[in-house]
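Colleague: Below: one structure in structure tokens.
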Amino acid sequence: MSGQILWGIMPYIVLTIFIGGHIYRYQHDQFGWTAKSSELLEKKKLAAGSTLFHWGLLCVVGGHVMGILIPEGVYASLGISEHMYHKMAIGAGLPAGIAACTGLVILTYRRLFDKRIRKTSSPSDILTLLLLLFMMLSGVAATFLNIDSKGFDYRTTVGPWFREIVLFRPDASLMESVPLWFKFHIVIGYVVFILWPFTRLVHVFSLPLKYLTRSYVVYRKRS
């Protein structure tokens, strides 16, 4: 019963809060829909941490798409065996995860121990960074624990489970054989997505498209 709730019902609760929360936030707090940049207060650690985190995260998300959304049969039809895929996933995913974690450590340290940054930080800012760091660390840990050549193939369990959720055909039984550390990583992901609409993470959906067509801003020095 608990498995059915966690893997069959909870994903839809998370999705409802995620979508509904963004709609509510947009209608009631458009001025707060921002990343609240603190670049003016400190630049060096922000540049290093943000670069490592965002590029690492981009690669991690790409790896998740390749491993979860694309069925195993597609790789088999291309002549890519489970062992080949596993080596590629470890070789590319582990460095990307470590880079993202390193960036988050830098950003979290900056947020907690830089006096000026700390004074301008809200509790949700700190909680967001800590949760993201926790989620990334759990993902890297799961990768390390699965580094053996005979490691767990999540494409036959987590992948189909996620795709069935998307198709509104939840099958909690697919998660029964999934190792605990993978389940732990997913549950932390639940928490992140539930809190997402109520934190500065909403800035992910704030694409500055108007910048592409607006006139140049001209700066002039005083004579």
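In case you wondered, yes, glycine gets a Cβ from its N, Cα and C as well.
So Swiss-Prot has the following annotated:
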- His54, His203: heme b 1 binding site (BINDING)
- His64, His185: heme b 2 binding site (BINDING)
- 28-45: topological domain 'Cytoplasmic' (TOPO_DOM)
- 69-81: topological domain 'Extracellular' (TOPO_DOM)
- 112-123: topological domain 'Cytoplasmic' (TOPO_DOM)
- 148-180: topological domain 'Extracellular' (TOPO_DOM)
- 197-223: topological domain 'Cytoplasmic' (TOPO_DOM)
- 2-27: transmembrane segment (TRANSMEM)
- 46-68: transmembrane segment (TRANSMEM)
- 82-111: transmembrane segment (TRANSMEM)
- 124-147: transmembrane segment (TRANSMEM)
- 181-196: transmembrane segment (TRANSMEM)
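I'm curious about the neighbourhood of these features; can you describe it?
Modeller: Taken residue by residue with DSSP, His203 (heme b 1 binding site) is part of a helix.
Under the DSSP three-state reduction, His185 (heme b 2 binding site) is assigned to helix.
Here the topological domain 'Cytoplasmic' (28-45) has Cβ contacts under 8 Å with residues 106-107, 109-110, 114, 116-117, 120, 125, 200, 202-203, 206 of the same chain, all six or more residues outside its ends.
Note on the topological domain 'Extracellular' (69-81): DSSP counts are 7 helix, 0 strand, 6 coil.
Within the chain, the topological domain 'Cytoplasmic' (112-123) has long-range Cβ neighbours (under 8 A, six or more residues past its boundaries) at 38, 41-42, 45.
Outside the topological domain 'Extracellular' (148-180), and at least 6 residues removed from its termini, the chain residues within Cβ reach (under 8 Å) are 3-4, 6-9, 11-12, 67-72, 75, 82-83, 85-86, 142, 186.
When Cβ-Cβ distances below 8 Å are used as the criterion, the transmembrane segment (2-27) is approached by residues 33, 161, 165, 170-176, 187, 190, 193-194, 196-198, 202, 205 of the same chain, each at least six residues removed from its ends.
Residues of the same chain lying 6 or more positions beyond the ends of the transmembrane segment (46-68) and with a Cβ under 8 Å from any Cβ of it are 38-39, 89, 92-93, 96-107, 110, 136, 139, 154-155, 158-159, 162-163.
Within its own chain, the transmembrane segment (82-111) has Cβ neighbours under 8 Å at 42, 45-46, 48-57, 59-60, 63, 66-67, 72, 75, 117-118, 121, 125-126, 129-130, 132-133, 136-137, 139-140, 143-144, 147, 149, 151, 153, 155, counting only residues six or more beyond its boundaries.
Beyond the transmembrane segment (124-147), the same-chain residues lying 6 or more positions past its ends with a Cβ under 8 Å from any Cβ of the stretch are 36, 60, 90, 93-94, 97-98, 100-101, 104-105, 107-108, 111-112, 179, 181-182, 184-185, 188-189, 191-192, 195, 198-201.
Cβ atoms under 8 Å from those of the transmembrane segment (181-196) belong to residues 6, 10-11, 14-15, 17-18, 21-22, 124, 127-128, 131-132, 134-135, 138-139, 141-142, 145, 152, 154, 158, 175, 202 of the same chain, restricted to positions at least 6 beyond its ends.
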Colleague: Which entry in the list of binding-site residues, His64, His203, has its Cβ near the fewest other Cβ atoms, using 10 Å as the limit?
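Modeller: Across His64, His203, these binding-site residues, the one with fewest Cβ atoms within 10 Å is His203.
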Colleague: Using other CB atoms within 10 angstroms as the count, which residue among the binding-site residues His54, His185 scores least?
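Modeller: His54, out of the binding-site residues His54, His185, has the fewest neighbouring Cβ atoms within 10 Å.
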